[in-house]
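**Student:** This is the feature table in TrEMBL:
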{"type": "REGION", "residues": "1-60", "note": "region 'Disordered'"}
{"type": "TRANSMEM", "residues": "79-102", "note": "transmembrane segment"}
{"type": "TRANSMEM", "residues": "108-129", "note": "transmembrane segment"}
{"type": "TRANSMEM", "residues": "141-164", "note": "transmembrane segment"}
{"type": "TRANSMEM", "residues": "176-194", "note": "transmembrane segment"}
{"type": "TRANSMEM", "residues": "214-236", "note": "transmembrane segment"}
{"type": "TRANSMEM", "residues": "242-263", "note": "transmembrane segment"}
{"type": "DOMAIN", "residues": "246-497", "note": "domain 'Major facilitator superfamily (MFS) profile'"}
{"type": "TRANSMEM", "residues": "310-340", "note": "transmembrane segment"}
{"type": "TRANSMEM", "residues": "361-380", "note": "transmembrane segment"}
{"type": "TRANSMEM", "residues": "392-409", "note": "transmembrane segment"}
{"type": "TRANSMEM", "residues": "460-480", "note": "transmembrane segment"}
């Protein structure tokens, strides 16, 4: 599920094994927003029912995604295109960092530690970034955080080049600079994620926000399909330093979309960043059981459904194919995301969003379970593999790709509904802070998932984390959603937090 990226198709934190739901567009707006321009209102500190945001006129049902948000909002179109291109580079670095650390340490646990090391800084950054988005011009906050992220990528390029030089001298660099740069990058990306999500309802008409979420799913699908595959090819052909350099170039395209945004000063009652502002957001969330439950079920899916950190070892030891297999498996999940987004037309006419989220995450867990079974059977078969294409266990790779595609598709459907619920039921003056909490969830949960996968794989076997995790996801999601009955009854026509 979510893994820490920018919730609006932008950059994702440098965490090996990042899933498609990392940069997720938020899909709906509160009732006091009309035609994409929010009316000034008094502070809304207590959740309550909202009016429907969809037009009352009948809408012709479509099977394919609706492109109208791109036509209706030139600013959104520029941001969407620029971030899709930049996001491809981001995924190149996500995969390449995992390969770099595994190449230096030959340890899956070392790869999985990238996320947990940056967890606490990301939590702080998400909460603080949400407050900044509510208190200052959102365009300016987004620009500054993007500059910091770009500088960290340049730092990784330099470190990788230095390691390549050191290898020629019979030495290797320490791995800690990669952890440090990845953590700083994650902090910058978390701030930009909270800010960008709060920007979306200011530039997209209210009745088109759910369509914008589906469009962002297409960008994410392309991003995590092309990016990992490109990373695998580049790493195997031109080496890791030039692979990282590709991201540095593509990252610069993001600034075109950011600079094309209008000024976005805060509206309504402005809360000064600080503990009191954070408490206000937490008080609102305490009274919002449906939003809370959307966070809980996503955390469950992320903690127990993060197989990507295993892929370097899977490519080397179980299925074969080395870096190419890492890219192919990661891209398979993205293809599922892309297909779900392309055929997302009917999603706009589903009103029971809580129930849809539950069913989608159960499918996600089932697909993860199937991946574990594939790895288990392949391991027990004793098939001989190498890190070259000639040594790939092709039946296992095909089945693993199908499982990953299923995870990607169900993840995308869940994400569209969850993000729609979040913006639909939250007032604008709280939106930055709630997006900060949301970003902490989607950024922090995967770190715990990486740690779970790395530890259990090291203690048992590579097939164990997805197999056990899939079972846990299905069981826990059914349990918690039945305990919170209003979540399953949530209706988008009368959204309540």
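Any Cβ shown, glycine's included, is placed from N, Cα and C.
TrEMBL annotations: computationally assigned, not manually curated.
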**Student:** Decide whether the stretches the transmembrane segment (108-129) and the transmembrane segment (214-236) have at least 3 CB pairs under 8 angstroms, with pairs required to be 6 or more apart in sequence.
**Tutor:** no
**Student:** Looking at the stretches 79-102, 214-236, 242-263, 392-409, 460-480, which one shares the most CB pairs under 8 Å with the transmembrane segment (310-340)?
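**Tutor:** Answer is 214-236, with the largest number of Cβ pairs below 8 Å.
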**Student:** Do we see three or more Cβ pairs under 8 Å linking the transmembrane segment (214-236) and the transmembrane segment (79-102), pairs being at least 6 apart in sequence?
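**Tutor:** As far as Cβ distances go (cut-off 8 Å, pairs 6 or more apart), the transmembrane segment (214-236) and the transmembrane segment (79-102) touch.
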**Student:** Give the nonlocal contacts of the transmembrane segment (141-164) in its own chain as ranges (CB under 8 Å, at least six residues past its ends).
**Tutor:** 11, 14, 93, 96-97, 100, 104, 129, 132-133, 172-173, 177-178, 181-182, 184-185, 187-189, 191-192, 195-196, 199, 239-241, 243-245, 247-248, 251-252, 254-255, 258-259, 261
**Student:** Are there at least 3 C-beta pairs under 8 angstroms linking the transmembrane segment (242-263) and the transmembrane segment (361-380), leaving out pairs fewer than 6 apart in sequence?
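**Tutor:** Taking Cβ pairs at least 6 residues apart, the transmembrane segment (242-263) and the transmembrane segment (361-380) are not in contact, as fewer than 3 fall under 8 Å.
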**Student:** Taking every residue in the domain 'Major facilitator superfamily (MFS) profile' (246-497), what is their average pLDDT?
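**Tutor:** Over the domain 'Major facilitator superfamily (MFS) profile' (246-497), the predicted model scores a mean pLDDT of 86.
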**Student:** Below 8 angstroms Cβ to Cβ, which residues of this chain, lying six or more residues outside the transmembrane segment (242-263), approach it?
**Tutor:** 10-11, 75, 78-83, 85-86, 88-90, 92-93, 96, 137, 139, 142-143, 146, 149-150, 153-154, 156-157, 160, 199, 203, 230-231, 234-235
